[in-house]
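The structure appears below as C-alpha cells.
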Amino acid sequence: NTVSNLIFIVPPIYGAIQTYKDGLEKRYLAAYLCLTAVGLGSWCFHMTLKYEMQLLDELPMIYSCCVFVYCLYECFKYKNTVNYPLLFLLITYSFVVSIVYLNLKEPVFHQIMYGTLVSIIVLRSVYIVLWVYPWLRGLGYTSLTVFLMGFFLWNVDNIFCDKLRALREKMPPVVGAVTQFHAWWHILTGLGSYLHILLSLYTRTLFLKHRPKVKFVFGIWPILLVEPPKKL
C-alpha cells in the first residue's frame, strides 16, 4: 500500500518536467505537482499510519481536484488569462473543506467533498469528448473507466476486509499481495488521474492550435508531446 503510491509520484514528475520544457501554462505544471503531492502524502500515511500523515494524504486530494477543475473549465480561454472568480471559489472551497474536516474529523465528509469535485470533473470531461473533441473519447473514457475500477476495488476492500485478510493468510505471499485491493485503488486512481491531466492538456493545446500527440514510453506508458503551432 506504500510502494503502490509510486504511480502518483514518478509519472507526474516526468509530466511536470515535460510541461516545463514545452513552455506550457503553469496551471498544468501545478496539476502534475499536485498529483505528486497526493502520492507523497499517501506514501507517508501508509508508511506511518499516523493521523497527521493521513491529512497529508487526504487534503491534497481536495486541492489537486480543485486544480483539475480550474484547468478543465479554462480549456477554451485565450492564453495567459486568469479566471479570478473561479480561482477564488476553488480556493475558498479548499479552505472551508480543510477547516471543517480538521475540526469534524469525519471521513464521510471528506469523501462527499472529494466526490463532488470528481463529479464536476466527470461532467465537464463528458461534455468535451461528446460535443467538442469527439476523437478524444478513447482517452476520456479510459481515464474514467480506470478511475471507477479503482473506486470499485476500494469499496470491495472496505466491505470485505476481514474475509480478504483471512484469504490472504492461506495464499503464498506473492499471490496474496495481488489481492491488496487498496493498493490497486492507488494504482488505478493514480493512472486515471494522470490520464485525466493528459486529456485536459490535450484539449487545451488543441484549442491553442498546438500539435499534441500521445506517445507510449516502452510501448506501455502514455505521455503527451506538444509541438508549437506551425508558422504561416
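Backbone N, Cα and C define each Cβ position, glycine as well.
Note that TrEMBL annotation is computational and uncurated.
What you see is a predicted model, and the numbers here were worked out from it, not measured in a lab.
For the transmembrane segment (29-48), same-chain residues at least 6 beyond its ends with a Cβ under 8 Å from one of its own Cβ atoms are 1-2, 5-9, 12-13, 15-16, 19-20, 54-61, 63-64, 67-68, 71, 186, 190, 193-194, 197, 200. The annotation transmembrane segment is assigned in TrEMBL to 29-48 (among others).
As annotated by TrEMBL, Zn(2+) binding site applies to H46, H182, H186. Close to H182 (Zn(2+) binding site) in the fold, though at least 6 residues off in sequence, lie N1, W154, D157, each with a CB less than 8 Å from its CB.
Summarising the annotation, TrEMBL assigns transmembrane segment to 60-76 (among others).
Per TrEMBL, transmembrane segment is recorded for 83-102 (among others). Using a Cβ-Cβ cut-off under 8 Å and counting only residues 6 or more beyond its ends in the same chain, the transmembrane segment (83-102) has close neighbours at 55, 58-59, 62-63, 66-67, 69-70, 73-74, 77, 109-110, 113.
According to TrEMBL, the transmembrane segment annotation covers 108-132 (among others). Under 8 Å from some Cβ of the transmembrane segment (108-132) lie the Cβ atoms of residues 58, 61-62, 65-66, 68-69, 72-73, 75-76, 93, 97, 100-101, 139-141, 143-144, 147, 196, 199, 203, all in the same chain and six or more residues away from its ends.
Annotation comment: TrEMBL describes 139-156 (among others) as transmembrane segment. Here the transmembrane segment (139-156) has long-range neighbours at 118, 122, 125-126, 128-129, 181-182, 184-189, 191-193, 195-196, 198-199, 202, 214, meaning same-chain residues at least 6 beyond its ends whose C-beta is under 8 angstroms from one of its own.
Residues 1, 3-5, 7-8, 11-12, 15, 19, 24, 28, 31-32, 35, 38-39, 42, 64, 68, 71-72, 75, 121, 125, 128-129, 132-133, 136, 139-140, 142-151, 153-154, 157, 177, 212, 214, 222-224, 226 of the same chain lie 6 or more positions beyond the ends of the transmembrane segment (183-203) yet place their CB under 8 Å from a CB of it. According to TrEMBL, the feature transmembrane segment maps to 183-203 (among others).
Comparing the binding-site residues H46, H186 by how many other C-beta atoms lie within 10 angstroms of each C-beta, the top residue is H186.
Panel annotation: around the transmembrane segment (60-76), residues 27-28, 30-31, 34-35, 37-38, 41, 83, 86-87, 90-91, 93-94, 97-98, 110, 113-114, 117-118, 120-121, 124-125, 128, 132, 193, 196-197, 200-201, 203-204, 207 of the same chain, lying at least six beyond its termini, place a Cβ under 8 Å from a Cβ of the stretch. Cβ atoms within 8 Å of the centroid of the Cβ atoms of H46, H182, H186 (the Zn(2+) site) belong to the same-chain residues N1, T2, S4, N5, S42, Q180, A183, W185, site residues excluded.
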